[in-house]
């Protein structure tokens, strides 16, 4: 057996020395030798996800002409309504606040990436909000139509709109659909699509420059009051009742979702409990935010306060427990 192997080896050496190694043959040998190792390295690198952004900052547009005079909606298309002078100042002030917040991290590599609704008032808000930032600090910008305002139905007659909003309060703020427009439930559907895009962007680090893995990225979403409340509802899986208890963002103000100790985003990292109660968070919602503050991505809250408040028979079990 050993003699046979030796003979085969001698024949191969003679053939190799006489005819040499063709390019394709040598390429195959190299591929066999090194491709698995390279692929293993690529696979190993692909397993390590890019760092998650440090914050997701939600900003409502500054004061608009429609906020001051509702009759504007009867003659100007909603997407074309501009900011007031006060609204532009609010936006720039919000940008200063965001920059100061990020600079408190005491790191040199921080950057911001913007998502913005295509409406005029949100685009003008972003232009003024970004004034405090140097070009080198802005990683990118994406105009995102799914972040647009709830559609109230083209040009809006003031008296008719007043009646429609009264009917909405009777029917339910979340499910009532304006004629030729949307309900908050419709906004929820498109925000669900945006959320999946955002999560994908985060998972692959799409807003990061090629080859970079910056852990100090901050995402800023410039949108509208109801749209941002629906975004929070979708992100944190709040109920319809919890959504309807929320108050609107003030013009030119921000709400900060900041990465907690385990890597999930919580409103309680930056904001106080009092601030969140003013926004409309209940005890159950605050308990969940406290959990989000320490939990890791992918973990489930098995002590979900929403479940405990929904299934009231749990209280009966506790009252009859002999222990």
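Placement of Cβ uses the backbone N, Cα and C atoms for every residue, glycine included.
TrEMBL does not curate its annotations; it predicts them automatically.
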(message) Record says 60, 61, 62, 63, 64, 65, 66, 67, 160 bind substrate. Source is TrEMBL. Which of 120, 121, 206 does it list for that same site?
(response) 121
(message) Return the residues near residue 121 (substrate binding site) by Cβ distance under 8 Å, restricted to its own chain and a separation of at least 6 in sequence.
(response) 61, 62, 64, 66, 81, 82, 83, 87
(message) For the C-alpha pair, I'd like the distance in angstrom between residue 60 (substrate binding site) and residue 149 (active site, proton donor/acceptor), rounded off.
(response) 11
(request) Could you tally the C-beta atoms, other than its own, that fall within 10 angstroms of the C-beta of residue 149 (active site, proton donor/acceptor)? (result) 21
(message) Let me check the 10 A CB neighbour count of residue 66 (substrate binding site). How many other CB atoms are there?
(response) 18
(request) Could you say whether, by DSSP, residue 66 (substrate binding site) belongs to a helix, a strand or a coil region? (result) helix
(message) Suppose we draw a 10 Å sphere around the Cβ of residue 61 (active site, tele-phosphohistidine intermediate). How many other Cβ atoms does it contain, all chains included?
(response) 32
